[in-house]
Structures are given as C-alpha cells and as structure tokens.
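**Student:** Got a structure here, written out as structure tokens. Questions coming.
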2 protein chains.
Amino acid sequence: MPVFLNAADPDFETRFSALLSAKREDSPDVDATVAQIIADVRARGDAALIDLTEKFDRLTLTPDRLAITPDEVDAAVATAPGDQVAALELAAQRIRAYHERQRPEDAEWIDDSGAMLGWRWTPVAAAGLYVPGGLASYPSSVLMNAIPAKVAGVSRLAMVVPAPDGVLNPLVLAAARLSGVDEIYRIGGAQAVAALAYGTATIAPVDKITGPGNAFVAAAKRRVFGKVGIDMIAGPSEILVIADAQNDPDWIALDLLSQAEHDESAQSILITTDAAFGRAVAVAVEKRLETLERRAIAGASWRDFGAIVTVPDLATAATLSDRIAPEHLELCVADPDALSAQITHAGAIFLGQWTPEAIGDYVGGPNHVLPTARSARFSSGLSVLDFMKRTTLARMTPAALRAVGPAAETLANSESLEAHGLSVTARLRKLNDSEAL
Amino acid sequence: MPVFLNAADPDFETRFSALLSAKREDSPDVDATVAQIIADVRARGDAALIDLTEKFDRLTLTPDRLAITPDEVDAAVATAPGDQVAALELAAQRIRAYHERQRPEDAEWIDDSGAMLGWRWTPVAAAGLYVPGGLASYPSSVLMNAIPAKVAGVSRLAMVVPAPDGVLNPLVLAAARLSGVDEIYRIGGAQAVAALAYGTATIAPVDKITGPGNAFVAAAKRRVFGKVGIDMIAGPSEILVIADAQNDPDWIALDLLSQAEHDESAQSILITTDAAFGRAVAVAVEKRLETLERRAIAGASWRDFGAIVTVPDLATAATLSDRIAPEHLELCVADPDALSAQITHAGAIFLGQWTPEAIGDYVGGPNHVLPTARSARFSSGLSVLDFMKRTTLARMTPAALRAVGPAAETLANSESLEAHGLSVTARLRKLNDSEAL
C-alpha cells in the first residue's frame, strides 16, 4: 500500500517531509573498481577494452571488431519490425522539430562607451553517447540524446552500447541511424566511458559524454568529469500527478504505474483535491497490478515509495509540488494552464488529461532526460544547449578604454594585482601621449 | 625562461602536446577531512560552524553573530576608499547591463498535430555565493557571481565569506551590497559550503552554490553536488595571446603577466607570427619581472608554464588555439574579427590591442568566471542561465493524441514498458468509443 496523507492532518508536515527525504537509491560503491578499469583503458587502450568486454559481456572482440560497421547496422535494421521503425521515425521527427527551436542566438552590440560586446555559441566538436545494453537498452533514449547533439551541430557523435553475449537491440541501431550517430562501438560499462574520455587507438576521444547507465557507468562519468563534460547523473524516475475528481481513476493509475514500472526505486505520487478520488485511484492501481507484466517492479515501487496526498485546494497542491520539484508533473485538472502558472520547479509539465506522461517519453517532442531527486530546483532537462558552449566577446576602442580603463586600474590595485592594472595603464599612457602631440 | 616553440621545428608536435598535457595543479587530497566537516555541520548545525570557525579562522562567534548585519556592512563600506567604491559601481553597472541581455526567452507554440509545446525558464529560488577570505578575497568576483544571480531573478542570495582573525575586506561587503546580496555570513571553508547546502538553525539551505575557493571548498562543492547545484570547479587561470609584430612588446608582456601573477600554476602563452617579436616580448617580461610586486608568483608561473610559440601564419595560430581551448584569448592582430571567426573553443575573446584581458576581469561587462584547463571545449563561463532552469511544456488535444499516440504505444511495447503504452491506449479507446457513439 502507498502512503496516504491529508494536508489537514496534524502530523502532515512531518509525514510529508519524510516523504521528501526518503532515500530511494542505495548505489553500490563501485568507485575503486571503476578507477582500476579507467587506469587499465588509459594504459592499454584497445587491448584493455577487449579483455574487459570478454570478462563482462562474454564477447570476444578484436580491434577491428570494436566498431559496428554500417553494413552491420543495415542488416540489424532490416530485422526490426516496420511499425516500430516507423514509430521511431515519427518520434525522431517530432523531437528534432522541438529541439531545433532551442538553438541559441549569438549577440553583438556597441555599448555607450563605444565598446563592442557580445557572445557566440559553438557546438562541442565531438560527443559520446552511452547506451545501456540488455533490458534497459531503450531506442527512445538514443533519440533523446543524439538528436539534440546533432541539432547543436556536433560533427562527431560516437555511441557506445554493450552487446552482452553478442546481442544488440536492432531498434537501438535504427534509432542511432535515424539520429545521425557517426560511429558505434560494441562496448559498455566503465571501460566504454574511459575510452570515450581518453581515447584508444581505435576510438578517438570526445569532449562530452551523455547518456544513462548503471552504477559503474555513473561512477566512471563522475571520474572523467573535468577531462570531458558530462550530463547529469540521473536517479530513479519520478512522477507527480495533480488531479481533481473529474478524471478516470484508471487513467491516473496507469500514469502512476508508468513510472513505477521503470524501477523499484521509482516514485509515483498523486495529489488530489478529492480524497474519495484518491482512494479510487489506489483501487485502480491494485487492479492493474494484478495483470501488469512488470508488476513485481511496479508493485514494489508503489508499495515502498508511492503516495496519495489529499489537499483542500489546488493552490496547496502547487505549493507541495514545488517542494517535491518533480521530474514529471501531470496536471489533470479543469484549467491546467492556470495551475501550471503557479508551479516553479518541475522538469517537465504535462497539461491536461489528454497528455499522459508516456507521450513525453516518446513522441511529444520535449526531451525525456530530466532532472530527478528534487534537482529540478536548480537544473533542467537535456537540451541543445548541453552540446554547445558560449564564448564571450569584447572589443575596446581607444575611447572606450579611456572611459572604463581607469576603473579597471583602480580595482586591480585594490586587489593587489599590479600587472592587471599596468596592462591598462600602459595603453592609457600611449593614448594620452598621442593626444598631447 | 618559458618554453620557446616553433611550428616549423621537427619536434614541434611532441613539444606542443607536452605543453597541452602539462599537469599544472596538484590539489591536496582533503576529501576525508571535508567529509568529516560536512557530517559535523549536518549533525550539529550552528554549533559546528562556531567550533570550526574558531579552529580555522581564530574567530569566536555566537549564533547571532554568524550573520553580518546591515549596520556592519554600512560601517565597513564607509571605510572603503571612495574611488574604489565608484569603480565598483561602474563595474557593477556594466556587468549588469551585459548580463541583462542573457535572460532567456520562454516559448509556446501549436504544432501541426494541434499539440501545444514549449518551455518556460524560472530562477533558482535560493543561491549561495562562496567568497574566499584573505588575499584572494576579490570584490570583482562578488560582482561576477552575484549580479548574474540577481539578474536571473534569484530571490534569496546568501553569501559566505570567512573573516580570518575577524578581518573582512570592506570592498567585498561593498560589492555584495551593490549586487543585491540578501544575507552575508562570516564563515568559510567546507563548513560554509555544508551550511549552505544543508542549512542550520541560522542559515536556510540554498539550491545552488557558486564561487571560487581553495581545495577544501572545491572538495566540499563536489560532495554536496546533487543535493544542490554547483558551478564549475575552476583550475588555475590561463591566457593565450595571439599577436603579430605590430604590437608593443611591453603591452603583451603585461597581458601575459596579468595571468601569471594570479598563481604559480597559472599559464601564459604567446603565439606570434614573428619570432623576433616573440623574443622581444620575452625580454619585456623579464624586465617587468624585476619590479613587479608579485614577481615571485608571476616569475614562477612564467618560468614553469609560460610558452612562446612561433607560427608561419594566423591560420596555424587559430588551429593551435583551438587545441589549447584557452580560458582567455587575446587577439592582438590587424584584423581580430577575421581571426576570431576561425576560433571555436575559448572562454572569452578580447579583440584587438586596446582590449587587455584585465578589462574583462573588471569592467568589460562579460563574466570573468570562465572555463579553465581546456574545458572551454565543452563548457561556458558563468551566466544568467546558471541561475535559471527550464521546464518543458506539452499539452495534447484529443486530435493530437490520435495523431501521435499510436506511435507511443508501439515504442512503449517495443521497450516492454506496458503501463506506458496502456496509459495511451486507455485514452485512445475512450476517444474511439466517443466517436462510435
């Protein structure tokens, strides 16, 4: 059974705070192992990749078999069901259209001192995309990571995906092709992250690594951060649904279960203005759990971390939602726009009862890589900006330097940075000398 | 003596690669100490802050003396030299004007399926700013961190600054006031970072922490990352100057020294198309080093990490610059705009001989918190975006769900995520039933 809370209860604040601070993930400490793996790949390159792939994936490779060739991709894609490839194509097209609007604008202007100021955005030159193998090898995640990189203008996008026992998901390769991935390597784990960060004879190093992975992959990403950029380290998935009584309890139950089925550590919360509706949703969840394929996982998540919270009004729901700062937020209420306007912290908002969260996982257009574990308070989902960087620009004229240079000299001296000041003084002296002529 | 390289030399590639990979920083491993300090602050709150401040800063505090009151700020600001406060005001005004242009735009549109898609930017609710004490307590850094936060709309900006032996830099307090900092606490080190991240009875927790600090502060920021957002962990400063022979060697020498004087691990590199000019700059550096206040630091940096590289043409200079991916890049050439257009990876570009890098440290307008250690390949300087986050928005209509829902069902099933698919199926069934009526 999930937790039932009511904002009117005297112990509500205590119980709600406990819900917020519940520790949902207990990652194994694999850091020492990962450090060894990274050192091995740095020292022995391809040979280390081959040994580690033999060990962890039971797959024998040679240097020229590390890469998956275009012919192999062709052959795999040909085995993928046509309706699935067509669905991927629709998804790719919609994700691309959404992300193309995220391309940032450059700026240049002349300010009142006569100085030119501005900035310029440029793509990361090379990016690496980690794709898990096995059950969590999701083609949709390939689209969500690769398309923003390509829209940003990344010219070299290298993907790694482990092939345990040689098995690869054809749809993952189809998604890679649709997204414009440039290179694919059949390696995984910390060794693949190390290869992307430091390079080997076969795999050129990249500048940024994104994509989900297990505890080994996450630890490796943390370790190579600095040498390369990384995306966020995602925690277990979460959904918060705010619903009034004018909803089908079964729909809301399915929305809650669609996060719960990801992971036993996932969290699904319903906030409702109607306690009876909340109870009806709980009943609907139990009924769906009787037959759901992943009922063991979804049931554990719902039992351990699920919650149904009754509130007196939607304003209270909005306040609680901002304290949760949910990864996914569904607003199944009569006026979702009005409620949305009261929300400040959320990764993605799904407005109205015709927008189940699953639409956002696949074909909505927005990215499904979103901040978890309350980090929507300070971070955003994956976007084109994650594959770009900004260079600031400044060009002084003699007149501009005369106008602002003396203040720079004063501040440099106040900070005891003499050479900073002198670099301005020397130029101002030249200007004054020229004027005196 | 710095390293002299010439792109025409047979061993150039080897020596240039060595320059790129030179390890300039050897941070002490303070992680175990920092873990203890954070645990102590989490367990004992204000009492731990008071004990640790007594120990590290030789300053006896009480809970009600942790905060610096507005009256204390008034009194300190009154002692600051008027010309320095005026220079800070000019700097603040220019930094604010630049950063106000960085405010991102929200977007909402209806796509061809009838779905509303978009995103919305909102500020981080509360941010913490770390300011070092002692010699590295730079008022300019307060402006560079606090103004973007306030322009972003951060409503609560809490600053921490240690006061070793009770001493504070009045100009730091003046900069805090000018920038709109809301709270100031006289604490520092890992304990201050812990207090900002987890909160104490006196200090409410924040959502994001930025600002430079020593090895303890950097280790603490790494440890609290995830609980809160952090900015980049900055390494030693760097400058690359690309200059032709039409420059005053003394100006270029001062520009190189203005990074070298920061830190013995700082790095200053000159790339020039004229070997004789390069030698003249080397002579000018030695001459300035005879009298410079911080000659011990600047001399060590220049001797250990400085370099003068001769290239046959500016195209080669641009190529080498992108391999360095410098934090600061000065283009002292006849047509700096043309050269700038060939550069892809740099934190900040200073165009032309009237734009010494020191202008950017204080009064240019762009931020002086920039990516170091080649991270300009994948990251950007501090900006308003660092204090904001984006929520994606999606609203399906029944027609839009009919158009894209089946593809979501197909993909959910291909990923064995049944509840995802059913959450769409249940709604489509309702639509089909209504149609059938």
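We count from 1, first residue shown onward.
Using the three backbone atoms N, Cα and C, a Cβ is placed for every residue, glycine included.
As listed in TrEMBL for this protein:
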- A:GLU327: active site, proton acceptor (ACT_SITE)
- A:HIS328: active site, proton acceptor (ACT_SITE)
- A:TYR130, A:GLN191, A:ASN214: NAD(+) binding site (BINDING)
- A:SER237, A:GLN259, A:HIS262, A:HIS328, A:ASP361, A:GLU415, A:HIS420: substrate binding site (BINDING)
- A:GLN259, A:HIS262, A:ASP361, A:HIS420: Zn(2+) binding site (BINDING)
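What does the local environment look like for each feature on the list?
**Tutor:** A:GLU327 (active site, proton acceptor) carries neither a helix nor a strand DSSP state and counts as coil. In the structure as shown, the Cβ atom of A:GLU327 (active site, proton acceptor) sits within 10 Å of 29 other Cβ atoms.
Cβ neighbour count for A:HIS328 (active site, proton acceptor): 26 (other Cβ atoms within 10 Å of its Cβ, all protein chains included).
Residue density at A:GLN191 (NAD(+) binding site): 28 other Cβ atoms are found within 10 A of its Cβ, drawing on all protein chains shown.
Using a 10 Å Cβ-Cβ cutoff, A:SER237 (substrate binding site) registers 23 neighbours.
Cβ environment of A:HIS420 (substrate binding site): A:ALA408, A:ALA412 lie under 8 Å away, each six or more residues apart in the same chain. According to its DSSP assignment, A:HIS420 (substrate binding site) is helical.
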**Student:** Which ones, of the recorded positions A:TYR130, A:GLN191, A:ASN214, A:HIS328, A:ASP361, are Cβ-proximal to chain B (under 8 Å)?
**Tutor:** A:ASP361
**Student:** Cβ within 8 angstroms of the Cβ centroid of A:TYR130, A:GLN191, A:ASN214: which residues besides those meet this for the NAD(+) site?
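**Tutor:** Going along the sequence, the neighbours appear as A:PRO132, A:VAL160, A:PRO162, A:GLY188, A:GLY189, A:ALA190, A:ALA192, A:VAL193, A:GLY213, A:PHE216, A:VAL217, A:ALA220.
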**Student:** Given the recorded positions A:GLN191, A:ASN214, A:HIS328, find the one whose Cα is closest in space to the Cα of A:GLN259 (substrate binding site).
**Tutor:** A:HIS328
**Student:** Using a 10 Å radius around each Cβ and counting other Cβ atoms from all shown chains, which of the binding-site residues A:ASP361, A:GLU415 yields the largest count?
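**Tutor:** Ranked by Cβ atoms within 10 Å, first place goes to A:ASP361.
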**Student:** Name the residue among the binding-site residues A:ASN214, A:GLN259 whose Cβ has the smallest number of other Cβ atoms within 10 Å.
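**Tutor:** Among the binding-site residues A:ASN214, A:GLN259, the lowest count of other Cβ atoms within 10 Å belongs to A:ASN214.
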**Student:** Tell me the Cα distance separating A:GLU415 (substrate binding site) from A:TYR130 (NAD(+) binding site), rounded to the nearest angstrom.
**Tutor:** 45
**Student:** Given A:HIS262 (substrate binding site) and A:ASN214 (NAD(+) binding site), what distance in Å do their CA atoms have, once rounded to a whole number?
**Tutor:** 14
**Student:** Around the C-beta of A:TYR130 (NAD(+) binding site), how many further C-beta atoms are within 10 angstroms, looking at every protein chain?
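**Tutor:** If we count other Cβ atoms within 10 Å of A:TYR130 (NAD(+) binding site), we arrive at 26.
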